[in-house]
Amino acid sequence: MKILIILLVFLNLITNINCAVCSSRLQVSDIKFANTHVLPIEGKSWKNNTVTLKILPNRESLLLAKFQDQTLSYTVKVWVDDSLMGKLTLNDPSKLPPTESNGTKYSTVHHSIRIPKDWMKPKMKIQFSTMLLKSEFFFPNIGHETNLNMWLLPFYLFGANDTNTQPLSVTGSISKDVSDELIQKWSLSSLNALNHPISRIDWSYLILPAGRNNLPGLRITNSDQKRDGYEIMSVVLGILSGIRGANGEGPSSVLYYAPLIHLGANGKYADPWGGLGGGSVGTGDYSYTGIFIHEAGHSYGLPHAGDSYKSGNYPYVDGSLLGSEWGFDMNHNEFLSVNIPSNIGAYKNCNKSFILDQNKNCVKQSVMQGGAGNQAQGYRYSMFADYEEVTIQNYFKDSIIYDKSFSTGYKKWNTTTLKYETYTPSTKSNGLYGINDGLPIERNVDVYTIIITHSFVGPANLSQIYPIFKSKGNLMPFFDPTNSTQLVDIRPNVSKYAWYCHANGCDYTIKITYTDGTTKYMLLQRGKRSWFSPSGAIGSGFTDPLSGESSLSVIFNIKADKTPSKIELFETLLGFNGFNSTTATLLVSQSF
């Protein structure tokens, strides 16, 4: 009887303890995820700003969490869409990864564990537990998935070749080590950097258009003939943009970079001494180091951080990283401090030229503000600020992605369902910006890429066709001005694509003659009119040798199922009315 009473008392005690445990929650604080930067679980926002830097999906990430009792063992369970992905045991604070260059530890109080990339998805939730307690559920603010394709297309100019400069094996691709480090610096899910199908551009001359610094057009044969340090680079950017457009890559997550390899008047390699970037294209030297990552930043739409700070559009003083979150490199398994490492060249006398934090330590500059060279030993690149990663993260958010596994061949991110969904291309704004979202009508076929320049004021050597390229590429839709049935669709204001010629007219036609005697006509969505005046007056700039309007550049692809024998560019004013051989003016003609 006494034994029974004692047993009942013991069971009652255990029940009370269990009830107390069941009614309490494991307390967790300061939950962070580290991939490109170390971010709070809700992401990072800025005062008086509507943007948020979100945690990256499909990227292995370091989870950090702080608990009241650091001596206990903790686990974390991860769900995605309420499906359990798995359970992991966190490492205690002593096992937190180190800081670059043996710098100050990021934390001495955080448990941590790497979360597999397949678990890092929107609609993710996590729960921590010990043997007796469980935490509430936490919901990381996961962003959209961006998989970047980067085309590398070297320009060998003025006699530069593999022997007197650098071979294509160096200029036309980046190593896996470089690619692996780049992805650690960019808020992307993946990076695919490849040599462009064209492979390389080899030209003995370059046409500089009129208008830059109020100068006339010029044909040059060495880099010393440029009239300012960025003139050649500016032309290269225009060509890259044209090739990107000719392949229908404008709506997609595609960047271009052109290593610029050219010879000077002495016949020797001439360093470009800088770079230029913007609008998803960039150019610079061939080394794929500081200039490359800086110009890639411009390609994403990032300005110089110092100028942006002065205009109130960058939160950290003078383009520095003072206030930015630390970075983290999964490949090196170490934190990246915002302070300049003490064992690199930039550290010496840095207090004379760099921003100092409250402890008088020198603070790194952003990659977009002279930050090249601030990286620790063993790294190729320094850091972007967390604030700049928002621009990188959002740059391709509205991209239309080609994916054969979707019924239409395209997908687009849905910000409501937080996943990619089937997208059906359509023509917006009555065709003002092209047909079917500016996407190709054929992909990955043999094409010729044709690049034409013309000057309306001369000299004659500015009007020419560069050597054509044959490669794999995409084809864009064109209307045939000799086909009245097709022209019905682009009559201004009254047709299916009523604004197709409203940007600045449709005043030029390409004629391709093939070796078999057949011909092809293509009306260009380009003209000599002002905005929204497809039949309006022609501007005066076309006869001004110092105006950019007096120079014309046309870049397009044609299918390489037949061999062209002649390519011609005609001025066909009001081309939406048709091609009239008696009134058409031949601008450029070249036989092959």
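For all residues, glycine too, the Cβ spot is worked out from N, Cα and C.
The signal peptide annotation in Swiss-Prot covers 1-19 and is backed by sequence analysis. Positions annotated as domain 'Peptidase M66' by Swiss-Prot: 140-402. For His294, His298, His304, the entry in Swiss-Prot reads Zn(2+) binding site, with the evidence type similarity to another entry. Residues annotated as active site in Swiss-Prot, with similarity to another entry given as evidence: Glu295.
Taking the features listed in Swiss-Prot, we show where each one sits on the structure.
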residue: His294; record: Zn(2+) binding site; CB count, 10 Å: 26
residue: Glu295; record: active site; CB count, 10 Å: 23
residue: His298; record: Zn(2+) binding site; CB count, 10 Å: 21
residue: His304; record: Zn(2+) binding site; CB count, 10 Å: 17
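Cβ proximity to the Zn(2+) site centre (mean Cβ of His294, His298, His304, cutoff 8 Å) flags the following additional same-chain residues: Gly277, Glu295, Gly297, Leu302, Pro303, Val367, Met368. The average per-residue pLDDT of the prediction over the domain 'Peptidase M66' (140-402) is 97, rounded to a whole number.
Geometry remark: His304 (Zn(2+) binding site) versus Glu295 (active site), CA distance 10 Å.
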